[in-house]
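As recorded in TrEMBL:
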- 83-216: domain 'Fatty acid hydroxylase' (DOMAIN)
- 6-25: transmembrane segment (TRANSMEM)
- 46-68: transmembrane segment (TRANSMEM)
- 80-97: transmembrane segment (TRANSMEM)
- 309-328: transmembrane segment (TRANSMEM)
- 334-355: transmembrane segment (TRANSMEM)
- 367-386: transmembrane segment (TRANSMEM)
Amino acid sequence: MSDYNINGLAIPLFLILMLVEYGVLRLQGRSLHRFNDSVNSLSMGLLLLISDALLKAYTFAVFIWLWQNHRLIDFQVENPITWLVFFLGVDFCYYWFHRIAHQINILWGAHVGHHQGEEYNFTTALRQSAFQYAFSWVFYLPLAVLGCPPVVFVVQFVVLKMYQFWLHTQSINRIPLIEGVMSTPSSHRVHHAKNPIYIDRNYGGTLVIWDRLFGTWQPELADEPCHYGTTRPLDTLNPVRANLQHWSMLARDTIKTARWQDKVSLWFRPTGWRPADCLAMDATDPGMQKTGCSDRPKYDPKTTPGKKLYVGCSMMLTFVVCTAFIFLSPQLPGWQVATGTVLVIGGLVIAGDLLENRTRFQWIEWVRVPLLVWFAASLWSATALAESQCSR
């Protein structure tokens, strides 16, 4: 199993849970899914999983090296205290990454993708920025120096991520016994809401005791229903553009502003900060301001049932191939990794374009779909060959 990427195993499980949630909500007579929003969320999630597959092997090597050469304490894997200490440690580090990612421009650009969805359901859990892990892994390195065994860290990190999946739903109300201690769907709905009273609250991953300790706790209020999305609305179903939305605004201000100090400091200032001359030029543009807002019309371009059917079938094929690709990526040659990445990303971009009634890349589908089928067959044959060689 060490030759495979375990993220690939989680994708089918998440898909099953999404279908269950959809069925439960329909039985309750509630319509909390939109096809285009769900496709966009799944597209963002697949981009994240590809990014993780390419990055995690290298970043985890840094964690292992620090633990092997610079750990301060020898924690034993067999000791239950080790698991308790680093359950708290991983959650604590996550809280601070999450909080800082909301408060600094460059890091917000690596996290904002998770908050752009204007619906709130299990598909939102997969909606993540492709660049988040490129920054977040650094926040866990102190655990390696403290002495967290790598296997303990991996298990605790997986538990943290798996736990967070079920938080992204409106089908579960408040849970009295654990509210205010552990993260729940209610507390996490607050975190995703763009209402002014809810902005930048409830960063906890598994526990919300950190929010209580550090002044960022806010319960869900019965008279203040949550409205989801970002203050600066996302106006695209293109997952690549969505990932780059905030950074592209920062880049434009970097070019526009006259002061060299602002060109650099802008990226490290509090989220929403803009140079004075940029604000003066765009007096009517809210830009990156993160002050919160009430409900507003959602970005919901209409398209034909035929296009929806095609996008649905295309996404299912891409989903299946991407699952196998991510699962096998550690043992694939470089050309196969590059080919799979291009085919998957291309399909996700085209799916978003079709749902926005754009046709600029439609002709590429005549080439991409046969190539994707060929790529899937090559994955199958490579796996079969490897297994036959191992069995000899």
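Cβ coordinates are placed from backbone N, Cα and C, and glycine is handled just like the others.
In TrEMBL, annotation is done automatically, which means it is predicted and not curated.
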Exercise for the section: Could you pull out which residues elsewhere in the chain have a CB under 8 Å from any CB of the transmembrane segment (334-355), counting only those six or more residues past its ends? Expected result: 35-36, 39-40, 43, 46-47, 50, 54, 236-240, 301, 303, 307-308, 310-311, 314-315, 317-318, 321-322, 325, 361-362, 364-365, 368, 371-372, 375, 378-379, 382
Problem - Tertiary contacts of the transmembrane segment (6-25), as residues 6+ beyond its ends and Cβ separation under 8 Å - result: 31-33, 49, 52-53, 121-123, 125-126, 158, 162, 165-166, 169-171, 319, 322-328
Completion exercise
Across the domain 'Fatty acid hydroxylase' (83-216), DSSP yields 83 helix, 5 strand, 46 coil
Problem - Local confidence of the domain 'Fatty acid hydroxylase' (83-216) - pLDDT mean - result: 96
